[in-house]
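Working notes, beginning with the structure itself.
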Amino acid sequence: MARDYYGILGVSKGASDDEIKRAYRKLARQLHPDVNPDPEAQEKFKDINAAYEVLSDDRKRQIVDLGGDPLAPGGGAGGPGGPGGAGPFVGFQDIMDAFFGGAAGAGRGPRPRTRPGADAILRLELDLQETAFGVEAPITVDTAVLCTTCTGAGTAAGTHLATCEACGGRGEVQSVQRTFLGQVVSARPCTVCQGYGTTIPTPCPTCAGDGRVRTRRSLTVKIPAGVEDGMRIRLAQQGEVGPGGGTAGDLYVEIHERPHDVFSRKGDDLHCRVTVPMTAAALGTRLTIKTLDSEEPVDVKPGTQPGSTLRLRARGVPHLRGTGRGDLYVHLDVRTPTKLDADQERMLREFAKTRGEEVAELSKQGGFFSRMRDAFNGHA
Ligand SMILES: [Zn+2]
Ligand SMILES: [Zn+2]
């Protein structure tokens, strides 16, 4: 019985060459023995290779479409390229393409010893005062720096890199296997040189061949005015030096703003709460508000209600971009006196009376429930 080569690749009978190629690459990536050592996967890998061999060849595909099997012994193909035929059925290039994308093949070879370094991130805690107006903050970073003994080369003084004998400097070793499906060419990074193509016969004693050493560095980072919690400041090339002394990555300083005792921040606006006595709210008063950087006289108008807000323009955080500042919002709480002496109580009752406001006298022993009862019984 003919095998379902379309089904093996998961494509339809009408699939274009491109679709077949894509489907094959996708599966080859998952099933390649270097990636997936599972024996079942290896069987499948053979299957998809067979399917690709057949479906990527117009003549063989035609045989399949006519119900035959070009790979079956005597299955109708017979010509060159049949089982055990000459030449690899799936080129080395195809497998490499499946792994590295179309651009592979060209320019592959030993991987460079010198590679770019990694970025680093550092958390910096600042007070509101500092995020608002900027600061020059000292920081220490644990990072990799260039090894000054070998200046990144990794070799001891007076010695040099040697070409890897195992791979002849190519950084990879190829093996050709003949299987019942044809010959399979595969390439693996050379384990002797880790794919570099060179070895270090005498490593630098300071960095052991890495070309960089770990150290603690002290820097000063200039924090601009108006930064916000969570923002990152990039210090170009202050991150880790790469292996082999490669270009340093960047250092990101992440701002964390400590909560302020008085002000809460929303964007560039600040908010705070101020409590004024009931009498001040009723009669009006002048407050002095201590802002982040000044003292401002603020008038509380007579008859101010609890929850009112006063806005002090441009007393918030300076804008990071552009000019100007956010505003400061002062939320007013009105404090009702909690303990009145006899005189004060009498005056307040009189005050209420002059305003025609009815104030029930709470009986000394009457709690909440007796008041409720009185309310229901009509005693107000
Ligand atoms: Zn060194
Ligand atoms: Zn090697």
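Yeah, the Cβs are placed from backbone N, Cα and C, and that goes for glycine too.
Going by TrEMBL, these are the annotated features:
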{"type": "REPEAT", "residues": "147-154", "note": "repeat 'CXXCXGXG motif'"}
{"type": "BINDING", "residues": "C147, C150, C204, C207", "note": "Zn(2+) 1 binding site"}
{"type": "REPEAT", "residues": "164-171", "note": "repeat 'CXXCXGXG motif'"}
{"type": "BINDING", "residues": "C164, C167, C190, C193", "note": "Zn(2+) 2 binding site"}
{"type": "REPEAT", "residues": "190-197", "note": "repeat 'CXXCXGXG motif'"}
{"type": "REPEAT", "residues": "204-211", "note": "repeat 'CXXCXGXG motif'"}
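This view paints the features noted in TrEMBL onto the structure.
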residue: C147; record: Zn(2+) 1 binding site; DSSP class: coil
residue: C164; record: Zn(2+) 2 binding site; DSSP class: coil
residue: C190; record: Zn(2+) 2 binding site; DSSP class: coil
residue: C204; record: Zn(2+) 1 binding site; DSSP class: coil
Inset, instruction - May I ask which of the stretches 147-154, 164-171, 204-211 has the most CB pairs under 8 A with the repeat 'CXXCXGXG motif' (190-197)? - result: 164-171
Inset, instruction - Provide the number of Cβ atoms within 10 Å of the Cβ of C150 (Zn(2+) 1 binding site), excluding the reference atom itself. - result: 24
Inset, instruction - Have a look at the binding-site residues C164, C167, C190, C193 and say which one has the shortest Cα distance to C147 (Zn(2+) 1 binding site). - result: C193
Inset, instruction - Go through the binding-site residues C147, C150, C164, C167, C190, C204 and pull out the ones with a Cβ less than 6 angstroms from some atom of ligand 1. - result: C147, C150, C204
Inset, instruction - Report, as a single number, how many Cβ atoms besides its own are within 10 Å of the Cβ of C204 (Zn(2+) 1 binding site). - result: 22
Inset, instruction - Filter the binding-site residues C147, C150, C207 down to those with CB closer than 6 A to an atom of ligand 2; keep them in sequence order. - result: none
Legend entry - C207 (Zn(2+) 1 binding site) and C190 (Zn(2+) 2 binding site), Cα-Cα, nearest whole angstrom: 23
